[in-house]
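What follows is one structure encoded as structure tokens, with my remarks underneath.
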């Protein structure tokens with residue numbers, strides 16, 4: 001009998017065990033689509049990014065004009081640029097939904113998978129930040145200045161660290177050059193980490209909405225979930241095309257249509273929408289070092305989530321109190337995002353401070369307490 005190449009070839013076997021014959025829980029919902037959607041996002045961003053990099057010039061005197069040239073003179077350059085800029089927004093929408101899914105259904109109890117995922121989020125945030133600097137518009141320049149300056153809050157080595165990152169005494173040509181190098185490199189780091197993420201996931205298998213072991217009822221990934229994933233791909237790519245073609249500048253800042261000018265500060269310096277929640281937490285603390293620590297903690301707190309799980313149940317499916325708390329947390333994050341987009345004045349300052357306090361309070365204090373309380377309720 002002829003060997004089945006798909007199951008025996010050293011390379012095809014890996015693909016087969018990951019995407020075709022993978023035993024998958026029979027009851028996973030649409031919330032489990034976002035992992036593969038993130039994979040498609042990454043591929044789209046790498047392809048459009050490579051095409052843009054062929055026409056981009058990483059020099060302060062040429063960067064802005066090279067982006068303008070791309071949009072005016074390169075065949076479909078305007079489309080490639082709009083797909084790349086809005087693809088980043090879709091990437092973050094998918095990753096936030098993916099993390100929310102993991103949080104709700106207790107997927108974080110696969111500790112290795114979860115921790116690699118948090119590292120992936122941090123790498124993605126770094127990639128998006130350095131990428132935003134490349135067009136060398138006003139918001140690019142001042143965003144880079146403000147965020148890199150935060151490192152100067154580190155005691156003793158801060159100022160040296162910032163000047164080392166800048167390659168001089170301000171954000172200038174060396175900064176732009178190294179940011180381009182980093183922006184080119186990091187997506188490939190993300191791709192590598194993604195493989196590690198998947199390797200750890202396939203050690204344990206996927207979680208499911210009930211949060212219970214599903215070994216007794218698994219189905220092959222293909223055709224059941226491959227076809228379901230293709231629906232997700234279609235919906236996402238249609239959304240991306242619609243955004244890029246109908247309102248490409250909806251999520252951008254008009255300030256970035258002005259070339260970078262170190263002598264004129266924009267009236268409101270703010271990051272892209274996907275960083276606003278963290279920016280609001282940064283601004284909510286009047287002390288510079290305190291703000292930087294809170295900013296770091298707002299994302300690094302994800303590493304603690306597996307350690308703060310007190311419930312006997314894995315998923316929140318049958319935990320109504322935790323569900324209420326979860327949706328309060330989501331609402332709180334939306335409030336932080338809105339506050340981050342507003343100027344730093346009354347009443348936004350106090351709203352931001354309350355929302356920041358509540359964010360940490362819910363995750364560090366209320367979730368563990370409610371988990372214990374629900375365990376008690378099980379015994380009634």
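Glycine too: its Cβ is placed from the backbone N, Cα and C atoms.
Residues annotated as transmembrane segment in Swiss-Prot, with similarity to another entry given as evidence: 34-54 (among others).
With a cut-off of 8 Å between Cβ atoms, the residues of this chain six or more beyond the transmembrane segment (78-99) that come close are 31, 34-35, 37-38, 41-42, 44-45, 48-49, 51-52, 67, 70-72, 117, 120-121, 124, 128, 131, 236, 239-241, 243-245, 248, 251-252, 272-274, 302. Marked as transmembrane segment by Swiss-Prot: 78-99 (among others).
Residue 183 (heme b b562 binding site) has a Cβ environment of 22 other Cβ atoms inside 10 Å. Annotation comment: Swiss-Prot describes 84, 183 as heme b b562 binding site, evidence class similarity to another entry.
Among the features that Swiss-Prot reports, heme b b566 binding site is placed at 98, 197. Sequence-distant neighbours of residue 197 (heme b b566 binding site) (same chain, 6+ apart, CB under 8 A from its CB) are 113, 116, 117, 120.
Among residues of the same chain six or more beyond the transmembrane segment (114-134), those with a C-beta under 8 A of the stretch's C-beta atoms are 56, 58, 63, 67, 88, 91-92, 95, 98-99, 102, 107-108, 140-141, 143-144, 147, 175-176, 179-180, 182-183, 186-187, 189-190, 193-194, 196-197, 200, 271-272, 274-275, 299-300, 302-303, 305-306. Sequence annotations record features per position, and here Swiss-Prot assigns transmembrane segment to 114-134 (among others).
The transmembrane segment annotation in Swiss-Prot covers 179-199 (among others) and rests on similarity to another entry.
Secondary structure at residue 202 (ubiquinone binding site), as computed by DSSP, is helix. Long-range neighbours of residue 202 (ubiquinone binding site) (same chain, six or more residues apart, CB within less than 8 Å of its CB): 17, 18, 22. Among the features that Swiss-Prot reports, ubiquinone binding site is placed at 202.
Long-range contacts of the transmembrane segment (227-247) within the same chain, counting only residues at least 6 positions beyond its ends with a Cβ under 8 Å from a Cβ of the stretch, are 30, 33-34, 36-37, 40-41, 44, 79, 82-83, 85-87, 89-90, 94. If you look up Swiss-Prot, you'll see 227-247 (among others) marked as transmembrane segment.
Residues 99, 103, 106, 108-109, 111, 114-115, 118, 121-122, 125, 150-151, 153-155, 277-279, 281-283, 356, 359-360, 363-364, 367-368, 371 of the same chain lie 6 or more positions beyond the ends of the transmembrane segment (289-309) yet place their CB under 8 Å from a CB of it. Residues or ranges marked as transmembrane segment by Swiss-Prot on the basis of similarity to another entry: 289-309 (among others).
Residues of the same chain lying 6 or more positions beyond the ends of the transmembrane segment (321-341) and with a Cβ under 8 Å from any Cβ of it are 100, 103-104, 270-271, 273, 275-281, 283, 311, 348, 351-352, 355-356, 358-359, 362-363, 366-367, 370-371, 373-374. Positions annotated as transmembrane segment by Swiss-Prot: 321-341 (among others).
The transmembrane segment annotation in Swiss-Prot covers 348-368 (among others). Within the chain carrying the transmembrane segment (348-368), a Cβ under 8 angstroms from the stretch's Cβ atoms is held by residues 280-281, 283-285, 294, 297-298, 301, 304-305, 308-310, 322, 325, 328-329, 332-333, 335-336, 339-340, 342, all 6 or more beyond its ends.
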Between residue 98 (heme b b566 binding site) and residue 84 (heme b b562 binding site): CA-CA distance (Å): 21
Spatial separation of residue 183 (heme b b562 binding site) from residue 98 (heme b b566 binding site) - C-alpha basis, Å: 23
